[in-house]
Amino acid sequence: MSIAVETFGFFMSALGLLMLGVTLPNSYWRVSTVHGNVITTNTIFENLWYSCATDSLGVSNCWDFPSMLALSGYVQGCRALMITAILLGFLGLFLGMVGLRCTNVGNIDLSRKAKLLAIAGAFHILAGACGMVAISWYAVNITTDFFNPLYVGTKYELGSALYLGWSASLLSILGGICVFSTCCCDSKEDPATRVGLPYKPSTVVTARATSDESDVSFGKYGKNAYV
């Protein structure tokens with residue numbers, strides 16, 4: 001059962017990592033809203049790297065942010081957290097492939113596989129946590145500007161990339177918990193994987209049984225001889 005759980009957790013974490021990789025370059029982290037605007041000629045959507053605008057004819061123009069130092073602090077922080085999440089996810093994925101008991105990579109014994117799986121699960125949990133913090137931090141700034149009556153700039157709504165990132169982070173955390181929990185549950189010796197010593201029958205009992213059989217046969221022989 002634990003092998004199935006750790007395998008399920010591994011694939012769940014791999015799916016979460018894939019979704020995090022799709023979330024990072026996605027253009028729709030935030031989308032401009034028509035709330036409070038009488039006439040809207042274009043739609044603006046942004047992510048952590050560039051901003052795009054679509055006019056009424058559907059033509060899009062994108063431009064990169066001019067300088068990293070000119071960006072807001074939360075954008076730089078979200079960049080660092082998302083990149084860290086993906087790196088941790090890749091490390092966890094590699095260690096998980098080596099540590100799974102259904103794989104045979106490098107002829108590693110079960111105790112070392114359990115340690116590798118524990119580290120892989122911890123990496124996936126940290127990756128999901130970094131992604132969750134980055135997405136939530138970005139979303140908080142969007143909602144703060146949106147509900148601020150004194151903010152005179154363009155107001156934005158949550159983009160589809162944020163929902164994808166939340167789902168990816170949750171999958172990474174749950175998958176890491178599944179992988180890590182199997183290592184904790186298997187810390188005690190498993191009877192199914194216990195290596196037992198070969199059975200050796202007692203030589204003393206065998207010798208006594210042999211001597212008893214010989215005495216019985218001798219007794220029968222003696223009676224037949226006198227008859």
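Every residue, even glycine, has its Cβ placed from backbone N, Cα and C.
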Candidate annotated as phosphoserine in Swiss-Prot, where the set is Ser32, Ser211: Ser211
Same-side membrane placement of Leu100 and Cys183 in Swiss-Prot: yes
Disulfide-bonded cysteine for Cys62 as listed in Swiss-Prot, from Cys52, Cys78: Cys52
Asp64, Met68, Ser111 screened against Cys52 (disulfide bond), Cα within 10 Å - retained recorded positions: Asp64
Sparsest-packed of the listed recorded sites (Asp55, Asp64) - C-beta count within 10 angstroms: Asp64
Spatial separation of Ser111 (phosphoserine) from Asp64 (site 'Important for Na(+)-selective paracellular ion transport') - C-alpha basis, Å: 49
Outside the transmembrane segment (116-140), six or more residues from its ends: residues with CB under 8 Å to it: 6, 9-10, 13, 16-17, 20, 23, 29-30, 48, 74-75, 77-78, 81-82, 84-86, 88-89, 91-96, 98-100, 108, 158, 162, 165-166, 168-184
Tertiary neighbours of Cys62 (disulfide bond) (same chain, Cβ under 8 Å, six or more apart): Ser27, Tyr50, Ser51, Cys52, Ala53
For Cys52 (disulfide bond), the three-state class that DSSP assigns: strand
